[in-house]
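Below: one structure, written as C-alpha cells.
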Amino acid sequence: MGKTLFDKIWDSHVVKTIDDGPNVLYIDRHFIHEVTSPQAFGGIKARGGKVARPSQVIATPDHNIPTVNQHLTIQDELSRHQVETLKKNCEENGITMYGLNHPYNGIVHVVGPELGITQPGMTIVCGDSHTSTHGAFGSIAFGIGTSEVEMALATQCIMQPKPKSMRINIEGELGKGVTSKDIILYIISKLSTGGGTGYFVEFAGSAIRSLSMEARMTVCNMSIEMGARGGMIAPDETTFEYIKGREQAPKGEAWDKAVAYWKSLVTDADAKFDKELTFDGADIEPMITYGTNPGMGAKVCENIPTLESIEDSSQGSFQKSMEYMGFAAGDKLEGKQVDYVFVGSCTNGRIEDLRAFCEAVKGKQKAESVTAWIVPGSKQVEKQAIEEGLKEQLEAAGFELRQPGCSACLAMNDDKIPAGKYAVATSNRNFEGRQGPGSRTMLASPLTAAAAAVTGVVTDPRTIFNL
Amino acid sequence: MPIDKFVTVQTSFVPMPIENVDTDQIIPARFLKATTKDGFGDNLFYDWRYEKDGSPKADFVLNNPAYSGTVLVAGKNFGSGSSREHAAWAIAGYGFKAVVSSFFADIFRGNSLNNGVLPVQVSEAFLAGLFKAVDADNKAEVKIDLENQTITNVSTGESEGFEINSYKKNCLMNGYDDIDYLLSLSEEIEAYEAQAVKF
Ligand code: SF4
C-alpha cells in the first residue's frame, strides 16, 4: 500500500519506536518565543544541560510586544522581563533571535516562511498551537507544550504518538468574495472544534491547489481550531516559487537537489487515510463566527442557529455562549453592531491580507463608530506595506497601520478589546475573553472585516464591494 | 525533573458540566507572563472564578465550599485551544491530580501527562452518571486506579476502563519524565542525524 505525504515525512524522522508508546521524533526546526520558552530553559539549566542544536532553533519575541512605539522600552514590566529573558537565554545558548526592532522580527509563524526557514519535508515545532501554519509547505508542523520545548531544546527530539490521518478535499471553484479564511471557517463549522482531534490533516483538492502560498497558510493555521494536531498541503510549483530566493532557501545545486526531493512529497495514489471528507467549493460563502468557539460559525448572510437545531446535550453550553455574546439563537447576523475591527495575526497578517483589505476599503471611509487596528504580521510585512503605498491608502480611508506583533489576537499587550464590545477579527480564536476580559469576538476574513470596518455592522462583503 | 508519582485516588470531585472548556478559560493569556511554573493555581479559571475587583464569584464551583476534591470532572472536549502548558500547571498547581471528561484536546492531554495530571477519558454515559451522583450528593466520590486503568463512580459502584499507553503509564506510576529518557538516547540521535536527508 502507498504512503501518505504525512507518513513519508513522519517515518523518515522516527529515531526510535517505543512499544505501546510514543515515537521518538527528530525535529528539524524549532521556533521559540518569549511566552512558552522560559520554563524550558529553566529546566535545562536546573539539569545542568545545554541546548543540543542551537543552529536549528530560531527565536522571535511576538506575543507580548507593543504595536506602537516599539523603539521605546516595553512599558509593562512583566512583558519586558519575559522578552529580556528570551534574549538572555538565546545569547547564553547561541540561538539566533530576531528581537524587537530587528528587520526580521514578527509573529513566529509569519517569520519562518518569509525567511525561507520553513521548507517541505521538515519536522517543525514551536510552543504555540498555530505552528500548524508551516504545514502549508508540506512539512509536519505542530504546536507543543513547554515540557516538549525543553525536550526539543535539550535533545532535538520529542516523544509523540503517531496521529491518525485525515484528508479533506475542497473541489471546484470558489465564488467571488470567498477567501481561504472562509474555507477553513466553513470546515471547522462542519467538523466542530473536536472533529479533528487525534488526526493530522492533509488539505487537498482543486480549490486548495488554486490558493496562493499565503492563503494556504491561513488554512493550515486554523487546523488546530478543529482539534487536529496539524494540517498540511503537498508542495507544488506554487510552493517552490514562494521559497526560491528567500534568505535561508537552498541555493544553486542544493536548490535543484531540494526541489527533486520535495517533488517526491505527495500522497501516493493508493494510500489510505483513516478518514476522508470532500466538500464542494461552490457551497462556501463568506463566513463569520457568532459564538465562543471557532466551530460556531455561519455564512454572513445566514442566521445564528435556533436552539432546536442544537443537540440536547450541547444546548446548555450553546446558551451560555449566546449570553456571553449578547446574541439570541436565531438572530440575523447581518446588521449586528461592530465596535472594533482587528486585522492581523498569524492567520491573516500577511501582505496579501493587507492588500485585500486595502483594495476593499479604497474610496470608502472607516465608520466613525469603529476602532480599527491593522497590525502587520512582521517587520518585513510592515516594510512592504509601506513600500507598496498601502499605509497611505489605509490612512486616506481613516485607518492606521500599527507595528507588528500578535497584538489583539490574544491581548497580552495593551491591544485589548474592552468588556462587552464587539470585534470582527481576522485572527483565529473567539473564546471568552480571548481579546481582553469580557471581549466579544467574531472571526472572519480580511474582506468581511473590511466590510464591517466601513459600515460599522456585520456586512456581507459581496453586497458592498466590487469583487 | 521527576514528576509526582500517581497513586490510586479516591476522592470527592469538582463538577464542571460545561463543554469545550478552552485553555483561555483555564488560564487567561494575561497570566502567561511568568518565567517560572509557580503560582498558576491561584489564577486557574480566573475570569470565571473572580469578579473584576478580584472578589470571588459565589456561583462558580471552585468558590462553593460544598464541592471539593482532587479530581476535576468536566464536559466534553476539555482543554481545546492553545498549547500553553500553563493550563496544566494551573490545574496541577491548584491541586488536581486528574481530570475526567468524555473527550480531551490532544495538546492538553500531552501537557497534563507531562505534569503528572492524569486525563481520564470516559464514555458520555459514565460522565453523565458522575454529574448525577454529585447532584444528589456534593460529596459523592470517584476512584481512579491507574495500575488497573479503571475509574469507579463510588456512589453507584459503576466502573469503566480507560486508555493510556503503557509507556506513559509507567512514567506516571514511577514519576519518570521524558527528558531523562531522551537524554539517554544521544547515540541514537546522532546516528539518525548522520543518515538524514540534507541539501
Ligand atoms: S498571532 Fe495569535 S495565534 Fe498567532 S502566534 Fe500570535 S497569539 Fe498565537
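Every residue gets a Cβ built from N, Cα and C, even glycine.
Whatever TrEMBL says is automated annotation, not expert-curated.
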- Message: Suppose a student reads TrEMBL and sees A:CYS406, A:CYS409 listed for [4Fe-4S] cluster. Which of A:CYS301, A:CYS346 should they find annotated at that same site?
- Response: A:CYS346
- The answer, for which of the binding-site residues A:CYS346, A:CYS406, A:CYS409 has its Cβ ringed by the most other Cβ atoms inside 10 Å, is A:CYS406
- Determine, from DSSP, whether A:CYS406 ([4Fe-4S] cluster binding site) sits in helix, strand or coil. coil
- Query: Apart from A:CYS346, A:CYS406, A:CYS409, which residues in this chain have a Cβ no more than 8 Å from the mean position of the Cβ atoms of those residues at the [4Fe-4S] cluster site?
  - Reply: A:ASP62, A:HIS63, A:ILE107, A:HIS109, A:HIS130, A:GLY344, A:SER345, A:THR347, A:GLY349, A:GLY377, A:GLY405, A:SER407, A:LEU410, A:SER427, A:ASN428
